[in-house]
Amino acid sequence: MPRGQTSKLHTHEKRHQAQGGLQHQSSAQATVAKEKAFPSLAPPPFGVLTHRKPAARSRSTLKGSQRALSIKPAGVSATRSYKGANRKTEKKPSSSQAPLTVVHSQGDPLTRATSILVQFLMHMYKRKKPITKANMLKIVNKKYKNRLLEILRRASFSLEVVFGVDLKEVDSTKHSYILVSKMDLPNNGTISPGRGFPKTGLLMNLLGVIFMKGNCATEENIWEFLNKMGVFAGKRHFIFGEPKKLITQDLVKLKYLEYRQVPNSDPARYEFLWGPRAHAETSKMKVLEFWAKINHTVPSAFHFLYEEALRDEEARVKATVTQQAETGATASECSRECLAAPPTPN
């Protein structure tokens, strides 16, 4: 081939490669933009929950991102944790009540301190006792007392996303706090009386899945999500107990979830919706905020879900205003009738 034609061919090939590269780069940028617009939902921090005997000392490898948070039973004595604040000796927990270790990342020096503080806060929450900074300082190891705020921030995050409980300061001068459940599940969120852990965090996640699936999630959707958390039907979980009974009976009976057969399904298939108590005690925006916190982002990152949550908030405000207006009109009418009525003779 003549040299001139060879040169032209090389030039054409380079131009084609450059165009292909630009197209590939443009496609990659579009993919990134789409991922940002529709961020994937990370499993909740207890997605790698495992159950070990309280006496176990070994640590398992933390799976997933170092920012992820896992909760595992570990050999941290609950007796030691509470002695400083209450000066009382507690019985050793059974395997079903194994103390919790909050793991932020391997080698984190604050892991144990955070774990003990979480145990203490849950202990106080179950007993409905006030929480003070002075009591927390008695719990935290002396060498970490200057990092109490960081430890408290971690413990607060763990309590919120795992158990659905918020830590709120009630007195800034005395540094006193209370724990408030995001929903009004019976027995401080444990549902059944007696020992156990709050189930509110699990419920908030289930409501999130239902919302994400168009306000109606199939049973397959729910178990696919729960399996990623290490929660399986028929297998007792050390925090949630028997999960199938919890979500298909307990939460349904309490009207937090609706569990119904899919119309015309043969063989029968089932689906989940929000129950009336879920609509009354929380909202799509609150659930979206909960999911955003788990994913370390903001609610608006979930664009379409955020827009729907905003519409839901507007509808709730209008319904409240209408109800207040009707209540006021009824009260005014009753007042006029009472004034017009003749006095009752003695």
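Backbone N, Cα and C define each Cβ position, glycine as well.
From a predicted model like this one, the values you see are computed outputs, not experimental measurements.
Taken from TrEMBL, the feature compositional bias 'Polar residues' applies to 20-30, 58-68, 324-333. The domain 'MAGE' annotation in TrEMBL covers 110-309. The region 'Disordered' annotation in TrEMBL covers 1-105, 324-346.
Counting residue by residue with DSSP, the compositional bias 'Polar residues' (324-333) contains 10 helix, 0 strand, 0 coil.
Across the domain 'MAGE' (110-309), mean pLDDT in this model comes to 91.
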